[in-house]
Amino acid sequence: MGSSPNSKPKIVRGSAGYILEDVPHLTDYIPELPTYSNPLQDNPAYSVVKQYFVHIDDSVPQKIIANKDSPRGIHFRRAGPRQKVYFKSDEVQAAIVTCGGLCPGLNTVIRELVCGLYHMYGVKKVLGISGGYKGFYAHNTISLTPKTVNDIHKRGGTILGSSRGGHDTTKIVDSIQDRGINQVYIIGGDGTQRGAYRIFEEIRNRGLKVAVVGIPKTIDNDIPVIDKSFGFDTAVEEAQRAINAAHVEAESVENGIGVVKLMGRYSGFIAMYATLANRDVDCCLIPETPFFLEGPGGLFEYTERRLKENGHMVIVIAEGAGQELVTESIQSMHKQQDASGNKLLQDVGLWISHKLKDYFAKQKTMGITLKYIDPTYMIRAVPSNASDNVYCTLLAQSAVHGAMAGYTGFTSGLVHGRQAYIPFNRINEGQNTVVITDRMWARLLSSTNQPSFLIAKTAVEEKKKEEEEEDSFNL
Ligand SMILES: Nc1ncnc2c1ncn2[C@@H]1O[C@H](COP(=O)(O)OP(=O)(O)O)[C@@H](O)[C@H]1O
Ligand SMILES: O=P(O)(O)OC[C@H]1O[C@](O)(COP(=O)(O)O)[C@@H](O)[C@@H]1O
Ligand SMILES: [Mg+2]
């Protein structure tokens, strides 16, 4: 996968604690590049906009909650068109690639990149790299025009195809150089953005005039810094259909339990938002918060209580939840990985369904009917909804403006509702997960009334410890 990224973050400090975490620019390593007037100024559609061009110093704060003594804090460069551009329209040879798992909106981003380049900047040469990163060196390219991408946003998936694994920095940059590509748009999740950083580093080391731009994609919403990733809203909406079905099935029988498993490998955002949106869910389990089955405060006890109270119950479980519990039961599936090095998960939905069935069969107190619904790929293989379509358009257009302005090594993202350019190193520094001490998780707990397993378990453990201490004292 090439050498480790090593570039230093570009930090600009201002007065009163202002910090700009800036993005690299082509002129950082190729001085005296010629500039040109932005063709947008002659575009009748945009000429009516007052102050259409973004001021060179505009930035977006990372934190917007402040008090009177707080420093101004970290900012990111504001996205948008600049007065001067660093590429002539007919000089640009752009390339677009989609990597990793599917996500609603991939085709919309492809469409808007192509149309944005064409209509805003007069760029006619856009190549689609097929099949993810390995497509740079192992597949043929596809020529993309506004005509060929015209209606692709109505379809799920990606017209370019995608893949995991196969990131070979040297081969990819050789291909970029050989094909004369000078703007690379890389659409993908956390793994993809790490790969994009390596490509940027290699391009910079070779001194090439190539802008490398990332567009963050993942339904898991696990990319740090940005408000949310495109496709997430659509996935949450699609998940409602599965939860509604589980609810209908559960309430139609005596002591019915509906279990729905939703995607979310390390982050439970889809499960959390789908639960909050639905309101028929009695328990939501996510990777960020451990849970347990037996004893006081456990899932079995809560399920039994809920069935007695309400006659039915709906459980939403994120695929990455409770993995340690499942691994304890099925030792053989230990630590398997996919081609990109992501953890392969065991089916926690199936596991929990069996555990609940076994428990009630042994208890003999009440007979249950359990239906397990696993919509898996259905929530991500759909076309993006209206709000995601608009979001994809803004992300793609911001990416194009940034590349044309000579910025490189950045991800285009939304920060507190404003489009910003975020340096790769910030995007790659960790994973966004649900913070269970935040208000959002508290809102969920109050909407489901489920036990906070954390507190309950701690209380049980403390009680056990006290009893053990008492016993040893009495001996
Ligand atoms: N640390 C890394 N360095 C370089 N490339 C990576 C890295 N992690 C993942 N990739 C590449 O990024 C692509 C997509 O990664 P993956 O984790 O499958 O999906 P996603 O980008 O959606 O998280 C794959 O081609 C993979 O080889
Ligand atoms: O079967 P695949 O394609 O590996 O995808 C499964 C994974 O992809 C996801 O949808 C999203 O993962 P990425 O966006 O990181 O690719 C996860 O929720 C899920 O675990
Ligand atoms: Mg990922």
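Glycine too: its Cβ is placed from the backbone N, Cα and C atoms.
Cross-referencing GLU319, GLU324, GLU328, GLU429 against the substrate binding annotation in TrEMBL, which names THR218, ILE219, ASP220, MET263, GLY264, ARG265, TYR377, MET378, ILE379, ARG380, picks out GLU319. When TrEMBL records ARG164, GLY165, GLY189, ASP190, GLY191, THR192 as binding ATP, the matching candidate from GLY101, GLY105, GLY116, GLY122 it lists for that site is GLY101. In the structure as shown, the Cβ atom of ARG380 (substrate binding site) sits within 10 Å of 25 other Cβ atoms. Sequence-distant contacts of GLY264 (substrate binding site), defined as residues of its own chain at least six apart whose C-beta falls under 8 angstroms from its C-beta, comprise ASP220, ILE270, ALA271, ILE286, PRO287, ALA318, GLU319, GLY320, ALA321.
Per Cα geometry, THR218 is the residue among the binding-site residues THR218, MET378, ARG380 nearest to GLY165 (ATP binding site). Here the CA atom of MET378 (substrate binding site) lies 22 Å from the CA atom of ASP190 (ATP binding site). Measuring Cα to Cα from ARG380 (substrate binding site), the binding-site residues that fall within 10 Å are GLY101, out of GLY101, ARG164, GLY189, GLY191, THR192. Among the binding-site residues GLY165, GLY189, THR192, THR218, ASP220, the residues whose Cβ sits under 6 Å from any atom of ligand 2 are GLY189, THR218, ASP220.
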